[in-house]
Amino acid sequence: MSLISRSRPAPPPALADPRRPARSTQGLRGWFRDPRNLLLAVVALVVAYLAIVPAATMGVASLQSQFLSTGPVHWTFRHYTETLGTADFWTLVGNSFGYAAATAVISTVIGFGLAYLVARTDTPAKFFAQVAALVPLIIPGILNTVAWALLFAPHTGALNVLLRDVHLPAFDIYSLAGMVLVQSMHVTPVAFLMGTAAFSQMDSSLEEAALASGAPPLRVFRTITARLIRPAVLSAVLLMFVQTISTFEVPQLIGVPGRTFVFVSRIYNALQAFPTDYGTVGVIGVFILVVATLGLWLSRRLSGPGAGVQTISGKGYRPTVTELGRWRWLGLAAFVLFFVVAVALPLLMLVWSSLLPGYEPPSWSALHHLTLSNYREIWHTPGLVDSVRNSLITAVLAGAVVTVLSSLVAYITVKTKARGRGLLDGLATIPLAVPSVVMGVGILYWYLSMPLPVHLYGTLTILVIAFVTIGLPYGLRYIVPGMAQIKDELEEAAAASGASWPRTFWRIYVPLLVPSLAAAFLYTVIVAFREISAAIFLYTQGTQVVSVTIYQQWSNGSYPVVAALGVVIVVFLAMIVAIVRLLTRRFGLNRQ
Amino acid sequence: MHEVRHSRAGRRARSAALVGAALLLPWTLTACGSAGLGSIGAVEPARTPQALLPQAQAEGKVVWYTTFADSDVNDMISAFQKAYPGIKVDALRLSADKLPSRLVTEQRGRKYNADVISADCEPVYQLIKVGTLAPYRVPAAPPLPAQLRNLPDGFGNAVYVLTSAIAYNPDGVKAQHLQPPTSIEDLTEPQWKGRFSIDPSAINWYESLISSMGHTKALQLVKELGDNSPRLVESHTQSLTEVQSGEPLASVNAYAYKAASLARKTPGRMAFANTDPQPAAAALAEIARNAPHPSAAKLFMDWIMSPQGQDSVVKITNHTSLSPAAANDPSVWNPAKWKPAWSMPVITADTYDRYLQEYQKALHAI
Amino acid sequence: MIEVRGLTKRYPGRTVTRNAVDGIDLEIPEGKLVTLLGPSGCGKTTTLRLIAGLERPDAGEIRIGSRLMCAPAEGVFVGVHHRPIGVVFQSYAVWPHMTAVQNVMFPLQSGQKRMGRTEARRRAMEALEMVGLAEFADRPAPALSGGQQQRVSLARALTREPEVLLLDEPLSNLDAGLRDRVRDEIRSVQQRLGITTVFVTHDQDEALAVSDEVVVMDHGRIVERGQAQDIYRCPREEFTARFMGISNSLPGTVQEGGQDMAEISLAHGRLRCLTPAAAPVGSRVNVFIRPESLRLSRKDSSGRGWKGTVEFSIYHGDCWDYHVRVGDTLLRSRMYREKVGLAHGDPVFVVPEEETAIAIADKIAASDGAVADKDESWAK
């Protein structure tokens, strides 16, 4: 026998190995020598920094007597007792939660439903569907809301007039239902992006097993597909909920007129006082953050350990497409319906408004007044070209940074067993719960006060930082499910083939994650163009962006001109979305 | 890959960094904090433009924080540069509610970016109070009305006047068999219930009411308006657009100059009625403290407050000027017919907040 | 050649009294294929992953070709991608976004010595030819069948001529017919290239088919090792015997001792058995008899037959398994015959073959208190 065999007799139950040396030789320094760990540590620090700045500012603001004032300040709980102690604050809570919950559920159901149609069935005209599903997100929030207000104005709204003509009850947009309608249409694309990311990367063998066991397709969907997709669904609901609570357009333009007040209304009131009551703003922000953190913890609990089942393996990766037969035209019809309601209607209203010198509701007589003068006037809008250029630069940069950061953070949370990874995921998600207004103030304050070697105030960089902070939680939500569905063995095989970790990441993970990466990139680009609440605190003479231009025009300019501007921006962004989709189609896994 | 030892060392590093950052942050936030911005300095005497010119040209540019409308700013800048070529104007457009906090935050962070500020008088006064502005006597400023003379010395530069009027949709009013409104009290009548809008953040309008009819009466009027189900609006563009669309039919505190220019474009759907007394608010222009280009700033101020500058203001923006030679829009400004009721910038911050609260409460806006 | 000393890996995070891998020593000679065989949970895959560097040991040393790969005591750990290895995974781990040849080219374009595209493709094509997949080179990986993917995986593991080839249950996911073909392929390639190989499996037939030597593992420890024929013919441990499928086991006592053989007295008679270890007379043993070594006949012509009754039978195509109750034991007999013609309830005589059964000392009955590893949780 050529093997040296010396099996040790069974040792006593104790585990201690007397030869165990001091671990210090292998400790911190050795750990950092691995480029992978160094990179991941840097990423973790960057994300923590980005997340903590606005959240901490919010906390400090809530505890200081007069944040950002010029006199002496001292620490106090006054803001908490004053705000949380009033009865009408809790009315606000009820309204806000009702509004946000309804929006979250509706937009997730629609978004994931549409995503299923695109990713897992043979619904025709997929490319159109994918672009169409994103367009509601592209329309600037203010204009989208105003368009709906004009469409459904209780007496003169174009759609209400039609409804009354066919003896149906009119719909009062200035109500909670109206708020939910508009906001749902607006955020469904976010749920759609998350849904496609999750669905299109599912290995269908699990569903096929169920089908083969004799379960009808509907039952398979209910019991198998729905369970597999559950973590993504819960994530989406939470995201929509928190986002809805923090955005201002619908509450201010539809809620206030209808006297449905939510958190954001209170924040806006506080901002109007002089000196600005940052204390109240901070308290509400902290409240939202606590709620969002609880929600995040809850959704984790309900999803089960790990962010999803690993269903992309190296073997037999063939996601099936359910053939709907005749029903696939119904799928297309669903898309068309969604497109008409969520996109075409407000867009048409915008176009209509942009073609009139002074606004009037749609009517035959109004057709005589149509003109292109507003479009000509746009070109004379000061700094339009500059603001578009600024938006483009900040959008692309922010998109790239978010994509890179989120994929690395997703790797840490999903693929490593590092102890702090739950905390990191939580940190990266915090910006979600910080209302954009607070984000803007927080970032502004920090970068003005911090003794940094570089002066970032007044540069495009500070805007990029804001957009990255806002977009990062979404990027994570798009990428984590994709990352989780890739089997560990694919990475191990690369390492065993001699590839260093960066090479493995670039050549194995990135190509497999292209749909998720594209979603994260696109979403951040759209955020950068649309984001106003934070940007309005951070722009200066040379760094005005498109969202600010639109806001200025809408505050005290000409409505038809800003409508024309909105139409131009929508077309521009739709082109970008289409281009990115085209590019990633070639590189994605689903070469359909 | 499952490497427990990695994770422990990594976790140590990460925890340390996080704790460090967390400790550093509040300290920095507060340490950088409470230095006061200082009080109002001594008034700069007026200088003639000629005396300022060489210095101004050396400085080369002036940074102007303004609430002027986007479309007007560039034209204003061109007008200035016609008079003084070679001095660039970098304009930062901000909305009235954002401008004060921006300036304060910047200065608190020791960033002195702005040279000239122009905004509504209420926020400007608060900025004066916290010491972010520097007083300067402009040589040819238009005379201030009596009610505004309590502005501190060196700060009384009314760059234009904003008046409010009742805007309404004449075709819509006729179609609903209503009479066009002529006074604010008209809109408290039952037939106008739910058919008009009001801006719940127009404190200057409320202050004008107070100064013309006294606090009690003004509050009562606002309460009656509030009980008549007004639609609340967020922006002036929005309120006038809605009137044009016919729903609601009227807006109580619309900007008259804006209503006037829209009325010219779409007379069937936009008309306005000035009330007597007419709520009026001045917009002030001031120099910022520690302005980076002081001479150019003074030159710009001199220009914009001069008859020529005011003439440009009226021509370009259609606002009203207090300059005696100004050719104001007679449909908007006629003190003989409509006596201006001025809003009162010189009040304490507490009073300001109190007025804001009771105004919004009366309108059921909070 | 691979050398492993005192390799230990704990279960992460739990305090149990066993380790995943418990202080094993192992030497894999140059050019040989050694199989780690055992039930699931025995530590064979963990050992393989430790050798590969996909996991870090808590103690011990691993050397590949006399280079130290890891030694926690000295803080040495060479990362996976620096080890001169090739790994074939159970689920093939073929990258779905690449074609077959791109998969095989990948190792050649990674690492310190990178090749240019043309050179790498040439070498990859050679590897694909070696496994018979040259015509599928440009097919996207997901379009290949399971067996083809596994062969791609093999080609990929070998393409940069590693010193060591590690295979983690490579045949488990293949269907039966394919399994044999791929298994033969692996063995033939391994012998042709003369590459040191570690093969992990839970299937003893596979182990016997491909191995030069077999290492049987259980609960993180090595139970027994030896050449395939020796392990099969005469396992030294009860665990091994049961795991190799020697399902019939009868208690007995040693009547006459000997060097390799002993006379054992069983309940139903006496039998001459192989003895892997010296068995003192009178000691208690368990006798393991392979089903193939139990012949059935209707008449007891030899006089040594044990009387029993047929309970049930299973047909395997090339053989019949009969379960016969003898006394209070149920014995399994395998007959390689077309027709046997026995039915449930038939009386039958069971005749054991001499000198093929294995007598292993009964540790529980032994009186010197050695720890009895009588854990019944063997998966097989």
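Any Cβ shown, glycine's included, is placed from N, Cα and C.
Any TrEMBL annotation is an automated prediction that lacks curation.
Now, the feature entries from TrEMBL:
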type     : residues  : note
DOMAIN   : A:93-299  : domain 'ABC transmembrane type-1'
DOMAIN   : A:388-580 : domain 'ABC transmembrane type-1'
REGION   : A:1-28    : region 'Disordered'
TRANSMEM : A:38-61   : transmembrane segment
TRANSMEM : A:97-119  : transmembrane segment
TRANSMEM : A:131-153 : transmembrane segment
TRANSMEM : A:173-194 : transmembrane segment
TRANSMEM : A:228-248 : transmembrane segment
TRANSMEM : A:278-298 : transmembrane segment
TRANSMEM : A:329-352 : transmembrane segment
TRANSMEM : A:392-414 : transmembrane segment
TRANSMEM : A:426-448 : transmembrane segment
TRANSMEM : A:454-476 : transmembrane segment
TRANSMEM : A:512-539 : transmembrane segment
TRANSMEM : A:559-583 : transmembrane segment
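Through the fold, the transmembrane segment (A:426-448) approaches residues 47-48, 50-58, 61, 68, 239, 242-243, 245-248, 263-264, 267-268, 271, 278, 281-282, 284-285, 288-289, 291-293, 296, 406, 409, 456-457, 462, 465-466, 469-470, 472-474, 476, 531-538 of its own chain, all at least 6 residues removed from its boundaries and within a Cβ separation under 8 Å.
Same-chain neighbours of the transmembrane segment (A:173-194): 95, 98-99, 102-103, 106-108, 110-112, 114-115, 133-137, 139, 141, 144-145, 148-149, 151-154, 157, 232, 235-236, 239-240, 243-244, 247, 250-251, 254-255, 257-258, 260, 338, 341-342, 346, 474, 477-478, 481, 519, 522-523, counting only residues six or more beyond its ends whose CB sits under 8 Å from a CB of the stretch. With a cut-off of 8 Å on Cβ pairs spaced 6 or more residues apart, the transmembrane segment (A:559-583) and the transmembrane segment (A:131-153) reach 3 or more such pairs and are scored as touching. By number of Cβ pairs under 8 Å, the transmembrane segment (A:278-298) is matched best by A:38-61 from the list A:38-61, A:228-248, A:392-414. Between the transmembrane segment (A:38-61) and the listed ranges A:131-153, A:329-352, A:454-476, A:512-539, the one holding the most Cβ pairs under 8 Å is A:454-476. The transmembrane segment (A:131-153) makes contact with the transmembrane segment (A:512-539), as judged by at least three Cβ pairs under 8 Å among residues 6 or more apart in sequence. Distant neighbours of the transmembrane segment (A:329-352): 110, 113-114, 117, 121, 123-125, 128-129, 132-133, 135-136, 139, 143-144, 147-148, 150-151, 158-159, 185-186, 188, 362, 563, 566-567, 570; these residues of the same chain sit at least 6 beyond its ends, with a Cβ under 8 Å from one of its Cβ atoms.
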